């Protein structure tokens, strides 16, 4: 990258960053600027006091810019040039200075040393800097990203050891110009990164021994080699450390004097980072070079990089290469254009003939053959390509697809320097264009997905650039889109242009060819009412309804009725394709309505719409203990709540406080499950209230291998597990498959799946059921080697997702206020139901899970379960031949981010299967549930006659279940006469997009 180009980019940013010019500058800033005026001899620019520093410009260079912070203006940016000897006064006194751009001073190290936390950009060229900034902890407080957004040090005597961990900016350039005083200075880079360093741009003058760029991530990495880089420099070794960047540039300011070895590492299929070489004098390859799975490769000015004039790159073996540039590499033989290539640049060579298109399926977009010696003709086959053939020896006719637009410099520059028979670049007139042919033209209709129409043209010899098109009414060229083969044009419209098009009834499009061509595309708008979506939002005293669609009219022309029961008062928002109205009642019954929309008493439509009340809704309850006391109801209770009553059973409760999302009250003494009656502004809601158990006693003996915890369950020691700590656990393996979730142990398979999600009314009746085996989950992502994310999308917004996590080390977690210990190699699962679209505000959900055993064994299958005082199961076991599936359930889940009660009941049980239902409240955003499951081993080996010396080798299969949820179970091993088995199955919410 050229130095001048780099400086222009940053300078333009400084010059055009709009800030307020000022005159009343802060006294401290003013006094220091007076000193700078004297040092840099700016008396002619600021001749009369008080000096107008904030308005200063000279030859379009802005020296100072200011920003207001009442009551004063402060210096915001400074751009100033010296002769190289000036000593810049201390910039640290400027408390609001963000942008520093300095050239030609003698005390650059002082600038670096005095950087403040408010400084955002530092550009210092020829500043005699020998050291890099040190970023202390105070400076790091300035920004989440870094203290400096950009650090560019150019033409400075930097020759030092730079630590990558020292870099606290994402945009850094440390380089010297081609023939400057410090062109031979390099940096020794030490990679001491302990985590990834995300960058935007990183440019180094790299010392020959600096090979390690591991953990550099995201942005562009540029490596500046010196002209005299020794032949021993190993580019392959360098590339071995580059992985996560978006592109890598390896370049020299001039062609390297020594011939370097082209990196053989590219042949490895793992390297795919876009790679750009410039001025690297590669040795002539001995044999063709494979580039593996690379997608982008560019080599500029490497005159010996060819094999007898042919390309040394085996691009015809690549299935992924889309961009290939071999410019100035001494080629004389053209390459074949393969279907995978989008860009092929072979400029500045000695090629004598055109490359051939492999077949008509080639997707190449740009072909650059400029500055070669091609003696050939160009056919119409190349009309679909953006071709550049300037400065060759082409003859015969230039095809009409190019000739029609040769009056544009952007086209003529691509073909000049040839001997075409129908065009001479020195002619004062252009040949006529009579070959434009329109095959079809049309416009799209407005829809909710496309709120403005597109005008489309299909034809032959259409424009090749947006600047070759004009319209009436005028539309900005950025709204024009040309197809990759120049056979289609799409024109988007804005609101203003559309109004004019509607008024005149058409859009005029003119192609600015050598002979201009104009066509009119008629426009007729569909005037039928169309409604794509209806939404409602509660407001004080009622509901606000929004209708999205077409031709909905406005406040003065439209009426809306919900059946024969409610008039919806229309009001204007002046929003295109949206109509809003209000029903001033909070007691709208939940049911399906026939909504009648009438515009101007002429155009009307009737739409079925199910209204679901948005309040009151209970999503979770934080209960009191048996003695009663403070309790909280979470949910949504309306935009403006004025009156709330709460009762548990037949006892009224004292309400302490209420908001739109929470109600606090005093619960009476009690125990177990009771009916809760809630009334918010006369709207009733019926729910259940389960008292928190203050002191749960163990109902079973945990034996010598465990102890009873505060939840009344056994916490087991060491390798023991199970309801009474009598089973053993061991290591597990996880396998991803496509069918079901299975633990396979010898000839016994335990299969677990999600069967369905049921929407249940308060009286327990089933209102809707989604059979999950008919939909199917899919693997969404693998963030790391221990995590699998699965997902399923239902309805418009509803998603069901889950994460499988293999625990890498012993850890403790807390879910819904319940602490759980996870062992290394255990499995944790989370199931998340997000934005379920309820048919009523009084409905809840139930998730059904099925577990069965598949075995050829003649042993009897034992299915046992333990229930609490509320008839909720605490656990179940399925046991056969010493193999035990142990399912543990807690009575808590997360509803809209808050813990709440959840019950689990056995719905059905056979000799080899058990189906359970997990209750889920009315959560508006997300529900997260968390059962635990393990496959264990019974040392007593539960079937007589079985061989106790038999080895037990269970495996785990994790799947996207076409017939259910993938709940992952651990594997167990029995070592000779003793079983050792360890497993934990848990659930944790999964976040991520589901496509």
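From the backbone N, Cα and C atoms, a Cβ is placed for every residue, glycine too.
A TrEMBL annotation is a machine prediction, not a hand-curated record.
The feature signal peptide is assigned by TrEMBL to 1-22. Residues or ranges marked as domain 'EGF-like' in TrEMBL: 694-726. Per TrEMBL, the feature disulfide bond maps to 698-708, 716-725. Positions annotated as transmembrane segment by TrEMBL: 951-975.
On the structure: features taken from TrEMBL.
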residue	record	Cβ within 10 Å
708	disulfide bond	16
716	disulfide bond	22
725	disulfide bond	21
Rounded mean pLDDT for the residues that make up the domain 'EGF-like' (694-726): 75
Whole-number Å value for how far residue 708 (disulfide bond) lies from residue 716 (disulfide bond) (Cα to Cα): 9
Rounded to the nearest Å - Cα separation of residue 725 (disulfide bond) and residue 708 (disulfide bond): 10
